[in-house]
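Summarising the annotation, TrEMBL assigns ATP binding site to 86, 87, 88, 89, 90, 91, 92, 93. The compositional bias 'Gly residues' annotation in TrEMBL covers 352-362. Taken from TrEMBL, the feature domain 'Kinesin motor' covers 8-338. Among the features that TrEMBL reports, region 'Disordered' is placed at 352-391, 407-429.
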């Protein structure tokens, strides 16, 4: 992706290996032909598609191709987004999360988190003026309701439904979602596991642990400098695991699962309409489509807005799932026609940490910061930072401090605060 502000959505395809859950003797009709091409070789349908990359089975290759460029752009101050799209059981959640703790099977998210903190420690060790702050918000869209995945849930009690709002600059945010200050990769992993465990799931004929909701993980990365000669940066990293599209005749869902499937398919249909409008250069129609569901509203900056965006499409290789595979490939092709207008998010240098240019303010207070943290621009040591619509009162014993040598492992997550507002630059529509 270029750094000139305009960047096309990068689209990669991952073909799931044939597994035990596939029908016996089911013919393989979807194959990778080279690094960027995939072919469909069926008796009735023969097609070819070209994407930015086509993956085999390894998790490391996915991270190297998508995760590392995302990390580089995030540290430059760009908002970045990766969303996984595909049929239920095609490998979306495995690609994003995988088996946390397994070197071979970890997905993009845990690898990204580990590299993010390693790079943060390297940077603060080299620059005494720099403080890096990291926070996490994790939400799901279930049955057209937005819910916080990191808020403790009471058994038998319906989770609180949160509202989506827009600020005066028309930037979308979720009112009431918790923000967790995080000081180590280990703590971030704990939160990701906890949030994923809170997702709505169910067993279907197609998938033993089918996600019944769309999950959005947002990591806010702030780089703050004591020197007024350096620009503070703040961006949001969005990792999106979409629920899989379903056909009732294959999943054999009934009752509540059938109602869930209808909502999932409807929200994916709205997303598909928006992608199709963008691909046909109908910008106005696309923005209307982005407002038609909770999911598309939350992803509005990722398509045509202030973000560098990657799409990972996942498909089954078998003839049994060919109809759904072609649908996914067509969606992915449409996404390749979308151009975003990403820009570096520079935080304002006013006293009190009054937010970013097009973003929000600092999200916490800390007793230990790089270089001691006394008399920093945007507020002195121990002051509570307040951003637009977001007040953080959590306290941490260390914030990726150069003076401490490593990111603090103990007390690694500050108390969360409510009123989450993603850091995204406003855009006119």
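Here the Cβ of each residue, glycine as well, is placed from N, Cα and C on the backbone.
Annotated features taken from TrEMBL, shown on the structure.
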residue	record	CB count, 10 Å
86	ATP binding site	27
87	ATP binding site	25
88	ATP binding site	25
89	ATP binding site	27
90	ATP binding site	27
91	ATP binding site	24
92	ATP binding site	27
93	ATP binding site	25
Residue 92 (ATP binding site) in three-state DSSP notation: helix
